[in-house]
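A.B. asks: Below is one structure. I have some questions about it.
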Ligand SMILES: Cc1cc2nc3c(=O)[nH]c(=O)nc-3n(C[C@H](O)[C@H](O)[C@H](O)COP(=O)(O)OP(=O)(O)OC[C@H]3O[C@@H](n4cnc5c(N)ncnc54)[C@H](O)[C@@H]3O)c2cc1C
Ligand SMILES: NC(=O)c1ccc[n+]([C@@H]2O[C@H](COP(=O)([O-])OP(=O)(O)OC[C@H]3O[C@@H](n4cnc5c(N)ncnc54)[C@H](O)[C@@H]3O)[C@@H](O)[C@H]2O)c1
């Protein structure tokens, strides 16, 4: 290390000024501690800059195009022309507005509480911050909140085209829509962006791995999702890729073995890899932090083992979602301020949503976790009750021509307590909230059925699933995971 300047001392140091880090800094200050926020990259948070907000802006344009194009059955004649430059301009304009609000909040933080540079552990309580190459600053703190987020993971199979691979960091910088995009990964990012680009007139092909679709774990719901997406898009959730090679025109050529047993080759202008994200923890020299070997994260306190280090947001690889990052930050920041006294934070019921159309959602721990082994014996899976609704004949969904999808609600066979749900459904984001609130209240299926249901609404579909669960509870009909 050369060019080290002064050492500043605080009660709490927070690494990363994303959603979790900003919440941690504010919670630490509110608890009366002195605190510093260390940020190495661009301000504005992943969510606002290259995540939640720009992706939803692209989806909003795509949905508008799709609705207009699909209006004929209602007796409407429309033609849709997509102006790619205008789509991307609006996206960036609105995105920059959201980023601006975050930056305005950061600017309110006193300058003395703010260090610009990349931090890593020099010793348990001292961070080395690289301000510019060769210029270092030291920050000393009693406790440290690591809130460094995550980054896109690009597997080795893309090594030959690595310099051409786009991630969520690149898509929203595109000035115009490309003619064609191959998307690897049918997780949430791949599905959201892939479907949106397709609806905006881009030739899209989606490749997934192992049959996974978004966040779904329930085989009944996943099968429905596969069918729906494959009807609309070229999508193979269990792709047998033979090669991904650079093409002469600056794009990529993909060769794969199709489900038809035939080897196909197609060339695309762009390649988007959305094959998962990795926590930004490997460059922090955590080995210098004095943390006992084998220390694990306590999700209720966000403390790493018995140490003075707390992990908040995507970096802890628990639930990489915006509202969880914000909650993590508040819990970790308050605990870091009170360290060594730590208290358990309030955790909410789990909810995950993919903003596809139809939307995907999981409420509670999800089918796979609910039915996981109940003992060390491999074949001993837990049984649950699952009530099903399919949306083909659901009244309001059919009125709107959005009658596609399936939803399963889960119940405890003994108590009838609602355990969660998975769905691909119209208005999924709203149904998921309704169900998550019932889940957090630990309601039973009977108590949920005693709530009001208006007519005609999509929520009546949820009632159908709840009634099915009630009937199956009475009949003792349970489901178990099939290996
Ligand atoms: C395309 C996309 C769409 C998404 N859509 C949604 C959505 O619709 N809903 C939802 O709930 N979630 C969504 N998410 C997830 C959500 O964006 C993240 O869970 C959330 O932004 C994580 O916040 P964070 O504070 O942990 O990380 P970040 O906001 O990434 O902040 C981490 C910060 O740490 C800084 N940093 C890293 N290392 C260092 C270091 N060594 N020194 C100093 N600073 C460092 C980084 O520069 C960064 O500013 C989406 C994510 C993506 C990628
Ligand atoms: N609406 C939302 O809340 C939202 C939207 C976008 C992202 N996010 C967050 O960001 C996280 C990361 O999203 P993501 O979609 O990158 O990750 P993901 O983990 O959700 O999905 C990655 C997918 O890529 C597949 N995959 C892995 N390697 C592959 C390969 N070589 N070829 C093809 N497929 C491959 C995996 O099987 C998996 O299904 C999500 O887990 C989520 O928490 C949330």
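Backbone N, Cα and C define each Cβ position, glycine as well.
TrEMBL labels come from automatic prediction, so no person has curated them.
Straight from TrEMBL, here's the annotation block:
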type     : residues                                    : note
ACT_SITE : 455                                         : active site, proton acceptor
BINDING  : 56, 148, 149, 150, 314                      : FAD binding site
BINDING  : 185, 186, 187, 188, 189, 190, 191, 192, 276 : NAD(+) binding site
DISULFID : 47-52                                       : disulfide bond
DOMAIN   : 10-329                                      : domain 'FAD/NAD(P)-binding'
DOMAIN   : 353-465                                     : domain 'Pyridine nucleotide-disulphide oxidoreductase dimerisation'
A.B. asks: When you tally the Cβ atoms that lie within 10 Å of each candidate's Cβ, which of the binding-site residues (185, 276) has the highest tally?
C.D. replies: 185
A.B. asks: Just to be sure I understand the packing, how many Cβ atoms besides its own are within 10 Å of the Cβ of residue 56 (FAD binding site)?
C.D. replies: 17
A.B. asks: Under a threshold of 6 Å between Cβ and any atom of ligand 2, which of the binding-site residues 56, 148, 276 are retained?
C.D. replies: 276
A.B. asks: Can you go through the recorded positions 47, 52, 185, 187, 276, 455 and pick out those with a C-beta less than 6 angstroms from ligand 1?
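C.D. replies: Once distances to ligand 1 are taken from each Cβ, 47, 52 fall under 6 Å.
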A.B. asks: Which residue counts does DSSP yield for the domain 'Pyridine nucleotide-disulphide oxidoreductase dimerisation' (353-465) in the helix, strand and coil classes, in that order?
C.D. replies: 34 helix, 33 strand, 46 coil
A.B. asks: How many Å lie between the Cα of residue 56 (FAD binding site) and the Cα of residue 47 (disulfide bond)?
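C.D. replies: One finds 11 Å between the Cα atoms of these residues.
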A.B. asks: Between the Cα atoms of residue 189 (NAD(+) binding site) and residue 314 (FAD binding site), find the distance and write it as a whole number of Å.
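C.D. replies: The Cα atom of residue 189 (NAD(+) binding site) is 15 Å away from the Cα atom of residue 314 (FAD binding site).
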A.B. asks: Which of these recorded positions has the least crowded Cβ, counting other Cβ atoms within 10 Å: 47, 52, 189, 191?
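C.D. replies: Each of the recorded positions 47, 52, 189, 191 was scored; lowest Cβ tally within 10 Å is 52.
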A.B. asks: Taking just the CA atoms, what is the gap between residue 185 (NAD(+) binding site) and residue 150 (FAD binding site) in Å?
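C.D. replies: Residue 150 (FAD binding site) has its Cα 17 Å from the Cα of residue 185 (NAD(+) binding site).
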A.B. asks: Would you mind listing, in sequence order, the residues at least six apart from residue 455 (active site, proton acceptor) in the same chain with a Cβ closer than 8 Å to its Cβ?
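C.D. replies: 395 - these are the non-local Cβ neighbours of residue 455 (active site, proton acceptor), listed in sequence order.
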